[in-house]
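Chemist: Marked as compositional bias 'Polar residues' by TrEMBL: 386-397. The feature domain 'BHLH' is assigned by TrEMBL to 1-53. Here TrEMBL flags 77-140, 233-288 as domain 'PAS'. Annotated region 'Disordered' per TrEMBL: 355-397, in sequence order.
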Amino acid sequence: MKEKSKTAARTRREKENSEFYELAKMLPLPSAITSQLDKASIIRLTTSYLKMRIVFPQGLGEAWGHTSRTRSLDNIGRELGSHLLQTLDGFIFVVAPDGKIMYISETASVHLGLSQVELTGNSIYEYVHPADHDEMTAVLTPHQPYHSHFVQEYEVERSFFLRMKCVLAKRNAGLTSGGYKVIHCSGYLKIRQYSLDMSPFESCYQNVGLVAVGHSLPPSAVTEIKLHSNMFMFRASLDMKLIFLDSRVAELTGYEPQDLIEKTLYHHVHSCDIFHLRCAHHLLLVKGQVTTKYYRFLAKQGGWVWVQSYATIVHNSRSSRPHCIVSVNYPLCANPPNTVAAGFRQSCVMKAHQSPLRQQDKHQGSTPSNPSTVAIDRQSEESEIDQTVTQKSMAIL
């Protein structure tokens, strides 16, 4: 009796293992990987694959269940896709509404040291810094569009910075803090409309997945980056007061380094870009690294130079406390602008920022006016400036 039960149990296990083995072979992974998977990993990867088919019903190529009619084009697309991942210098990932990683490219191992099989099917919150969990939840939260009854499916742009777990060796990991590395993620949230069973005329919008690309920020040795002629570096205190600038700033902005030292960066940034720069500054102080959006830097001879900065917090080697900010900056133009219209507009903007209303508040020590009123006044001032600049430019022409 015992022999029969043992034989039946062994036969059942063999059939079960055979079914799991066949299921593993159906996964879009190399056979060298699928042959080494355990049962839990097979179930986890299979579930992720089925979720991906919900997000992309047409499939993601032949390996993901969609057979192309044109074989030559399919081969070209598959080969091109592998080259794109190699040249991307980042990794692609798709996250479900509950935070489960439905797909992540193998290139994540280059940046995080974690394999594709290890990450797929697990919650992204397991690999994100606890202080960034709320931000990740906000990224995955959809917002209904204004004209929802006209849209069946739409995408919402997402750009954010996450501190993700990194297990690479110190010489290859770049800048890490407590085992976490700052990753710049940019992509979109895929939103789809679903009809309600109770009322066929009503519907709701649900997030079906986040598709994003993760990029590593410049390494910790940002001061060792080779500076080319189209970039310059500055060192600043934690409040963005400039301490040191290299000589290339003169060629790109017109300022000599001594003209900018002991002045805050905000003093030379266009007023419309200060908000985005302040947000990037806050992220830098919290997470240690940041890539700013393009902002307008005031040129000495007039006009603005569009600049993007890669900033890093440098810590004191003894106390491990934040010491200063080192930033590598990439202007869009090689030479600073020098036009009459740009210079005239620049002077008008500077005068507008020192309007009689502001001077009166400064001398009398009174509180500023209603913010909405100040915003309207500023818009009217800027419109007048635009008209004046246009008239002056036409007169010059």
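Just so you know, the numbers here start at 1 and follow the chain as drawn.
Cβ atoms here come from the backbone N, Cα and C positions, even for glycine.
It should be emphasised that the depicted structure is a prediction, and the values quoted were computed from it without experimental measurement.
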Chemist: Helix, strand, coil residue numbers for the domain 'BHLH' (1-53) per DSSP?
Modeler: 43 helix, 0 strand, 10 coil
Chemist: DSSP-wise, what's the residue breakdown of the domain 'PAS' (233-288) into helix, strand and coil?
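Modeler: For the domain 'PAS' (233-288), the helix, strand and coil counts are 31 helix, 11 strand, 14 coil.
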Chemist: In the predicted model, what is the mean pLDDT computed over the domain 'BHLH' (1-53)?
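Modeler: Value for the domain 'BHLH' (1-53), mean pLDDT as a whole number: 86.
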